Amino acid sequence: MTRKSVALLDYGSGNLHSAERALVRAGADVRVTADPDAALAVDGLVVPGVGAFAACMAGLRAVRGEKIIGQRLAGGRPVLGICVGMQILFERGVEFGVETEGCAEWPGVVERLDAPVLPHMGWNTVSAPADSVLFAGMDADTRFYFVHSYAAQRWELPPNEHFAAPKLTWAEHGVRFLAAVENGPLSATQFHPEKSGDAGAQLLRNWVDSL
């Protein structure tokens, strides 16, 4: 069987080597690239991200990443955001009182968690919908690895009778926040599947198999 082609978008942010290895193990033919044509040609695009929202957006814009993501989604081509790669899909992020515009694929704001201990670092369970594709075959007590202090804490996209409702997965650390979103061709996780052991490997296999 032909392996699905996946590009890891190289825009100066993200754990590219770990993500690349994890995606290869998940059955993908992986290339790391900042070339728009290569990123548009593959079956699936992964947008990683670590660090500050503003820095990630600056790096993304430098490689025309917003346009790449938008063009893929306009054609129904799958995109997966990871950690800050999920956060930048929202309208804006607020860090230390400074607001930065995101890709605006989803409405809403990424804000600091109101939690007694930050960053939220370590293993945590999530609450996924029964019909999730990403979490298919996993138990309710499955844990994933998080490292973050900011997250989207509300889902602000209004229902639309003409489109399937997004599948929302939640987690808690001081407050409830979005741990993952599955919205047509656009999916994202706040946790790091490439650092989440067998559970993360299963999630990536599920995504690759869906391409």
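Cβ from N, Cα, C; glycine included.
The active site, nucleophile annotation in Swiss-Prot covers Cys83 and is backed by sequence analysis. The active site feature in Swiss-Prot is assigned to His192, Glu194. Annotated domain 'Glutamine amidotransferase type-1' per Swiss-Prot: 5-211, in sequence order.
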The residue listed as 'active site, nucleophile' to His192 (active site) - Cα separation in whole Å: 6
Among Cys83, His192, Glu194 [active-site residues], residue with fewest other Cβ within 10 Å: His192
